[in-house]
Amino acid sequence: MTAPLTIAIDGPAAAGKGTLAKRVAHHYSLPYLDTGLLYRAVGRQILLAGSDPDDPSEAGAFARALDVAHLDDPTLRGHEAGEFASRVAVHGEVREALTEFQRSFAARREGAVLDGRDIGTVICPNARVKIFVTASPEVRARRRTDELLAHGRDDVDYERILAEVKARDERDSGRVVAPLRPADDAHLLDTSELDIDAAFRAACEVVDRVLAEPDRH
Ligand code: CDP
Ligand code: CDP
């Protein structure tokens, strides 16, 4: 029997993971989970409660109590939630509390696409396809800047966004638990010079190649 098509897409902030993962999921008719939303939801709840995101047990309690039914809240997409997300994501207690939901989503019989930071390394080490999406910090900051401008924001400062992108990279890569890094068997996809369509085509080539291989599982 062929193993389900589980696709892990990881990479740093604003590399284009979400855009790519959504298109790949649609193309292969697979369900999609943006795992960053889980960390964002925990971060946002701590923010609203006025609690301390840097306290592991406090943050862990919020993560265990998380109701995953409300991940479509648009406020989760904002910069503040992202900042709090990366602060709560350093705690092992928080990551553990969110693991089971992600693994059971990944284990669906019809397959799944998950994007995040540790999908290929920790959540789904046996994923059939692993793609690590990168782009230079400058390109990623430019994309975030353009995204905010397109949403009508007029208080957007590229240099500040670049500094934030770099700070988030450092926190995500430098943490002890599940740091951001490509799995040994991940396909690296540098999108610095690729637009969304070109990145999508490159990702589909990777998936189609794996699908054409004899099943190893
Ligand atoms: O979209 P963007 O890359 O800016 O952020 P995100 O994917 O929504 O993730 C927000 C934060 O959650 C990241 O900076 C990570 O610290 C954390 N995160 C994580 O640690 N592990 C994941 N699987 C997903 C997100
Ligand atoms: O999920 P992640 O934070 O990695 O990135 P995203 O939200 O998918 O993409 C960030 C922004 O970059 C979006 O506005 C995308 O449209 C844009 N993007 C791009 O211009 N070229 C790419 N190859 C990928 C994304």
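Cβ coordinates are placed from backbone N, Cα and C, and glycine is handled just like the others.
Just so you know, TrEMBL annotations never went through curation; they're auto-generated.
Positions annotated as ATP binding site by TrEMBL: Gly11, Pro12, Ala13, Ala14, Ala15, Gly16, Lys17, Gly18, Thr19. What TrEMBL records for 7-200 is domain 'Cytidylate kinase'.
Shown here: features listed in TrEMBL, placed on the structure.
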residue	record	Cβ neighbours (10 Å)
Gly11	ATP binding site	28
Ala13	ATP binding site	23
Ala15	ATP binding site	26
Lys17	ATP binding site	27
Thr19	ATP binding site	17
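Listed binding-site residues: Gly11, Ala15, Thr19. Those with a CB atom under 6 Å from ligand 1: none. What surrounds the ATP site, by Cβ distance within 8 Å of the Cβ centroid and not counting Gly11, Pro12, Ala13, Ala14, Ala15, Gly16, Lys17, Gly18, Thr19, is the set Leu20, Asp115, Val133, Ala135, Arg140 from the same chain.
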